[in-house]
Each structure stands twice: as structure tokens, then as C-alpha cells.
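Following: one structure in C-alpha cells, then a few remarks.
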Amino acid sequence: MDTPLRRSRRLGGLRPESPESLTSVSRTRRALVEFESNPEETREPGSPPSVQRAGLGSPERPPKTSPGSPRLQQGAGLESPQGQPEPGAASPQRQQDLHLESPQRQPEYSPESPRCQPKPSEEAPKCSQDQGVLASELAQNKEELTPGAPQHQLPPVPGSPEPYPGQQAPGPEPSQPLLELTPRAPGSPRGQHEPSKPPPAGETVTGGFGAKKRKGSSSQAPASKKLNKEELPVIPKGKPKSGRVWKDRSKKRFSQMLQDKPLRTSWQRKMKERQERKLAKDFARHLEEEKERRRQEKKQRRAENLKRRLENERKAEVVQVIRNPAKLKRAKKKQLRSIEKRDTLALLQKQPPQQPAAKI
């Protein structure tokens, strides 16, 4: 049987406390008796004892902690167990806690245990010291726990959904709080490390950071809603009577709109536009007058040309005075058509006519 040797290896790194710790053996016995009387408080009915003994043959290793929060695992003792211990990786202090929880291994940690007897020089005070610390913590945790506080809660595992505030997370087994493996100074009291505080009665334990975040978000949510309601009042828009729902109600009709000053023209601009209109009218009238003048000039020139032509023709006429009327009687009709009568008074005045003139 090499079990005492393993226990001596595991407990080799711890320093013995002052001899005052030997007086706590009686308190350890009382705590162990109380723990034996009701072992169902810290263990579920369906949990087998073989799970609790999983770390008996494991060598001495530091406890596995998550990379983000080493203190969170130590403070999660009574609030929520971390799950079943991994075989071969559990710390020696946790193995002692598991031995205390199982009723089959409880006689090994009593003061009369044969495993503490092979080396009484160094290991006897160490065993009693560890048992005294565990017993004091068990008694303190039992006093702090209230009947209404649930004991089986799991912390929020990364990757698993967080339980709701009214929902209890299932847990396989409760576990005792993890102890610090660093050796304490001889003068430091036993209760120096921070024990995990259980939640108050009537509250369910959820993830610490998740609960804080939810509380902060719930406190900020109503404030933002109030601000939104105050800033943006909702005014429902009804359907217009005309049925033209695409028209904007903020726009007014053209008859109701007032003209701005930029729409009114200045006096200088008005006078300039009036002058431009007057010039255009004058130019148009001038063009009409020119056209009429040219027409009149052309008409007058035509009349003058006609008059001049008539005068030229009259000057070019050959006048023959027929003094014998019988000659006219003998003339043919064709010749008579070409004969025209002229007033020869002027000619007669120059030359006194003896006979009426006749143009042949």
C-alpha cells in the first residue's frame, strides 16, 4: 500500500502552522460527525461515489484554471461547482475535499487514521493542520448558507448559453472551495484567504459577469426609451379626404404661399426692361416705315415711267392732216381702224388748220 507515501508527497510542500492548530482536533471531529450525519446536503442522490474518487492516484499538479479568471474559480466554490474533477489533474487540496465528501473515505482523515502514523515527525502536524482548516471552512460555510439558497448551480461556461434569471442551471455535484496552494507565512491567521460567499436567500446564482451586464443593460434601456419618447412624439397621419395620399401635408397650396422678396424685381431692372421693349417697338416701326417708303417710291417711279413713255410715244407719232373728206370715205375699214382722232388745236394754233386733222 503506497497511499501514505503519496499523501506525504502531496502534503510535502505545505508548511506546518503553529502548535495552536493542534487544539482544533476536537472541532474537526465535531465537523466530521456533522458532515457524516447529513452527506446528502452536498451531494445529489444520483451521483456515484466513483466520480468523487477519480483523483486518488493522480500526482501533484496545480489546479487547472481558465486563462481569463483564476480568482473566479476559487470564488465559485459554494455558488456553483465547476463540474466533475478530471482524473489525474486535480490538486491535492481538492482531492482531500473529495475524500471528505465521500462517506467511504471519511475515516482516513480522522486523527486516529493509520495513514498519518507512519511519519509522525513532520506529517502529523500537517495532517491535523489541513483537517483543521477544512473543518473550520465547512463550519463557516454551513453557518453562512441559508435554507432557501440553492446549492447546485453552474457558472456560465464559455460556449454554453447563460441561464435565465428564473432558471436554475443543472449541476452534477457540489464542490468545496478551492484552497490556495501557495504556502502561507507562519504568523498569518488561518482565515486569511477569501472564502467564497454564498448568495443571499431567495436568489438564484447565475454567472457573475453576465448578471452585471444584464443589470446594466436593463437600467440603461428604460432611460433610452424615455428619451426617444420625449424627443420623437408620434403623430398619426390620417387619410386625406380627397384620397390623394401621395401629397405631403407639410406643403401648402400655391394660392396660400407668399412671394418672397427675391421674387420681386427691382425698379432699375423694371426700367431697363421697359427701355428694351421700347427700343424693340421703335425698331419694328422703323422697319415698317422703311418698307412702306420703298413701296411708295416704287409706285411713284412706275407712274413716272408710264407718263414718260406716253409722252415719248406722242412725240414719236406721225401726224397727217387729211383735208379731203372723200379720201376718208374711200379708205378701207382696216385703214380706218388705225386712224385716231387727235385734238390738233395746238397745232392749228401754230398753223391755222384749214381742214380738220386726221391721223393716218
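Numbers run from 1 along the shown chain.
A Cβ is built for glycine as well, from the same backbone N, Cα and C atoms used for every other residue.
What you are looking at is a predicted structure, and each value in this text was computed from that prediction instead of being measured.
Looking up SER69, SER160 in Swiss-Prot for phosphoserine, the annotated residue turns out to be SER69. Counting every protein chain shown, 15 other Cβ atoms lie within 10 Å of the Cβ of ARG342 (citrulline).
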